[in-house]
Structure formats: structure tokens, C-alpha cells
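Enquirer: Dumping the structure here so I can ask a few things about it.
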Amino acid sequence: MEKYQSDFIQLAIKHQALCFGEFVLKSGRTSPYFFNAGRFQTGSALAELGRHYAAAITAAGVDFDVVFGPAYKGIPLAAATAIALADEFGRDLPYCYNRKEAKDHGEGGTLVGAPLKGRILIVDDVITAGTAVREVMGIIQQAGAQPAAVLIGLNRQEKGRGELSAIQEVEQNFGVPVISIINLNHIIHYLEHQPGQAALVDRIKSYRATYGVEL
């Protein structure tokens, strides 16, 4: 596990973006952990979060021209990632986001920021059903651009309704990589090295054995 990944886990726990307990998901499953990027609610937390996103995409070595944030959670994540790429990695790239509703006055349209041109990096918090990604792919295609990759905070490595995860389905359907700062295995590895967490690790491993995808 890279330092930026363990630092991200610590940041997420500190801000209660990563919580442990019993959480009923939309799927009806009871999960021993839950991730919510909306808990990064301060300027310093968002700045650090952007640095971790930027580190993950840099480590992946993906070539892209524009950073795109899907409304709504993806908007601050894309902005923070673009800032970190410029400040920390010397890559001053344009960014863009969409509105949920088209604007019929002023600049109009559904897109705000830089034009969608070339290879597009999509930045979001998680992929659950993949619905948001499908919508974004349509926006990118309509603009005449190409998706380069999807960058998210956490890969739960969890089956959807079938044997594949939503992330694996996105990769298969659209032919683009989905890159995450961390995945479930990173969380388990981190907790295994923390005192007094053996019972929690066992619960997470049991959940993974039931719902985890084959990697």
C-alpha cells in the first residue's frame, strides 16, 4: 500500500467519511463499513482529498486532457483534483462539470468550465450502480470527446446483481479503466495493522467472502 493510500484512509476515518458499524445499503445488504465523501466538509480536508486523487491518477499513468466532475459530488472533487495536479504535480489542466438542469440564459447549456475536448478524466466519489457514469459517457460522446478513465475514492470490490461489480461492468461496457485511491483490500490491510481491530477485520472479511468480486 502506498503512503497516499494509507494517508487517505486516515483522512477518511478522521472526518467520518469512512465509518465502521452496521449500515444498510440501497441494495439491502448490511455492510460493516460505509464511505461518504460528503463528510469532507472543510477547506483543508478538500485540499488533502484533491492531493490523494491527483496522486492516484498520476500513479496510474493515464493520459488525459480535461478533468470532469459529474454533478453534484463530482464537482468539488474534480476542482480539488485539478488544483492538486497543478500545485503538486505540475500539470495545469482544464476542468469542467455539468448541471443537472440546462440553463436557458447567460452562457446557457448544461456544461460549465472548459470545453470537453480530447481525453476526459471523470472524477467521482464511488460507483454504485454505474448510472451516473453512463450519463457522463453520453455527455462526453455528445461533445465529440473520448473518456480516458474514471477516478473514484473507493472501490468496494463488491458484486452487483450478477457476478461482476458495477466498476467491472463500467470497464467492460465502456472500455475505460476505473482507478480508485483505495479498495476494500487496502482498508482490511490498514485495519490489520491497528490494535484492537481483529473483530472488525473478521466482519469485513466475512462480508467480502459473501459479496466480494473475483479479482
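Glycine residues also receive a Cβ, built from the backbone N, Cα and C atoms like all the rest.
Sharing the record's features from Swiss-Prot:
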- K26, 72-73, 99-100, K103, H105, 124-132: 5-phospho-alpha-D-ribose 1-diphosphate binding site (BINDING)
- F34, F35, T128, R156: orotate binding site (BINDING)
Enquirer: Across the record's orotate-binding residues F34, F35, T128, R156, the largest CA-CA distance in angstrom?
Expert: 12
Enquirer: How far is it from I127 (5-phospho-alpha-D-ribose 1-diphosphate binding site) to R156 (orotate binding site), counting Cα to Cα, in Å?
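Expert: I127 (5-phospho-alpha-D-ribose 1-diphosphate binding site) to R156 (orotate binding site), Cα-Cα distance: 9 Å.
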Enquirer: Counting other Cβ atoms within 10 Å of each Cβ, which of the binding-site residues T128, T131 scores lowest?
Expert: T131
Enquirer: Tell me the coarse DSSP state (helix, strand, coil) of T131 (5-phospho-alpha-D-ribose 1-diphosphate binding site).
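Expert: DSSP assigns T131 (5-phospho-alpha-D-ribose 1-diphosphate binding site) to helix.
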Enquirer: Using C-alpha atoms only, work out the spacing between F35 (orotate binding site) and T131 (5-phospho-alpha-D-ribose 1-diphosphate binding site) and round it to an integer in Å.
Expert: 18
Enquirer: Applying the rule Cβ within 8 Å of the centroid of the Cβ atoms of F34, F35, T128, R156, what extra residues of the same chain belong around the orotate site?
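Expert: After dropping the recorded site residues, what remains is L25, S31, Y33, N36, V126, L154.
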Enquirer: Rounded to a whole angstrom, what is the C-alpha distance between F34 (orotate binding site) and K26 (5-phospho-alpha-D-ribose 1-diphosphate binding site)?
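Expert: Between the alpha carbons of F34 (orotate binding site) and K26 (5-phospho-alpha-D-ribose 1-diphosphate binding site) there are 12 Å.
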Enquirer: Compile a sequence-ordered list of residues in the same chain as K73 (5-phospho-alpha-D-ribose 1-diphosphate binding site), six or more apart from it, whose Cβ lies below 8 A from its Cβ; state 'none' when nothing qualifies.
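Expert: When sequence neighbours closer than 6 are ignored, K73 (5-phospho-alpha-D-ribose 1-diphosphate binding site) has A37, G38, D124, D125 within Cβ distance under 8 Å.
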Enquirer: Return the residue, from the listed binding-site residues K26, K100, R156, with the maximum count of other C-beta atoms within 10 angstroms of its C-beta.
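Expert: Most Cβ neighbours within 10 Å: R156.
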Enquirer: Helix, strand or coil at K100 (5-phospho-alpha-D-ribose 1-diphosphate binding site), per DSSP?
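Expert: It is in a strand.
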Enquirer: Measure the Cβ-based neighbour count of F34 (orotate binding site), defined as the other Cβ atoms within 10 Å of its Cβ.
Expert: 16
Enquirer: Round to a whole number and give the Cα-to-Cα distance in Å for the pair A129 (5-phospho-alpha-D-ribose 1-diphosphate binding site) and R156 (orotate binding site).
Expert: 12
